[in-house]
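Lifted from TrEMBL, the feature list:
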ACT_SITE  324  active site, proton donor
DOMAIN    24-259  domain 'Orn/DAP/Arg decarboxylase 2 N-terminal'
MOD_RES   47  N6-(pyridoxal phosphate)lysine
């Protein structure tokens with residue numbers, strides 16, 4: 001939690017639950033990534049947090065943007081981004097969205113199957129396109145490989161067809177999974193991409209770009225490799241597999257840019273033993289899986305929690321949200337300990353919640369208001 005957020009919470013005491021984001025820290029993280037990968041062009045993953053304050057700051061820093069929908073493209077344009085700096089990075093797009101993006105000047109699109117490629121050829125003629133490969137997500141706490149990407153063999157045929165359809169076959173992409181903690185995961189993917197690039201070159205098609213996706217992790221409860229370690233691993237792998245013929249490099253960070261810049265302030269609604277001798281106390285907060293903490297599904301993302309009673313004796317707890325849905329449980333299997341003195345009315349902070357929280361917030365489930373947001 002940055003000093004700026006601490007001061008805001010202490011002085012303003014905003015109603016809970018709320019998300020507070022330090023926009024200066026967003027800039028700090030952006031610049032750190034630039035230093036770690038100076039040859040890569042940053043396309044901020046808008047889905048992580050599309051707040052205008054964040055988009056506007058990133059526009060001022062010269063960032064490009066990875067948008068998942070026409071609505072996100074509109075947000076970027078309204079924040080001052082140029083259409084040439086936007087990639088329509090969702091492999092699943094409505095025809096109406098493709099048309100709208102193309103009419104607005106967007107000329108960079110992703111695909112991973114023949115039908116999507118045909119849609120782009122018809123409704124975004126002449127655009128630069130890149131094909132997303134299916135790669136291993138080992139080491140990722142939030143895997144993405146089941147839903148997206150195609151095989152190397154399929155990608156080869158699709159890129160050749162893109163040329164035949166009058167599109168500009170620009171490059172290839174992959175994503176090693178979100179909150180990826182294994183630096184070596186990128187080299188495995190890069191080696192596959194390099195082999196396909198070489199194969200296509202022999203077939204007369206020279207690709208110019210590799211999109212490395214995102215996945216760069218932040219610290220929650222456990223240490224993760226420093227961003228410089230990822231930068232070194234990626235740079236080494238690119239030189240190893242591409243030699244002096246380095247392609248353009250794109251990266252699509254989201255969590256790394258905004259995650260650590262945000263804190264959720266919440267209130268303890270209830271602490272209950274539930275009559276189970278030897279069992280954990282159940283701590284119910286005024287935010288849960290339906291209020292923004294969707295990434296606690298499967299207890300995948302484990303947020304660090306601060307309380308006003310830290311330093312005292314602690315005991316095991318299960319953590320749940322306020323709704324009457326039985327699935328509204330954040331942590332039951334993961335071992336969490338909180339102070340025994342914790343009680344209803346205490347305010348707690350969930351750290352590292354700047355990404356994939358406000359955008360996951362369900363609207364008024366059980367009548368609860370959407371998560372309030374403060375950008376400072």
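Here, residue 1 is simply the first one shown, and the rest follow in order.
Yeah, the Cβs are placed from backbone N, Cα and C, and that goes for glycine too.
Computed from a predicted structure; not experimentally measured.
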Sparsest Cβ surroundings (other CB atoms within 10 Å) among the recorded positions 47, 324: 324
Across the domain 'Orn/DAP/Arg decarboxylase 2 N-terminal' (24-259), average pLDDT on the 0 to 100 scale: 94
Residue 47 (N6-(pyridoxal phosphate)lysine) versus residue 324 (active site, proton donor) - Cα distance in angstrom: 28
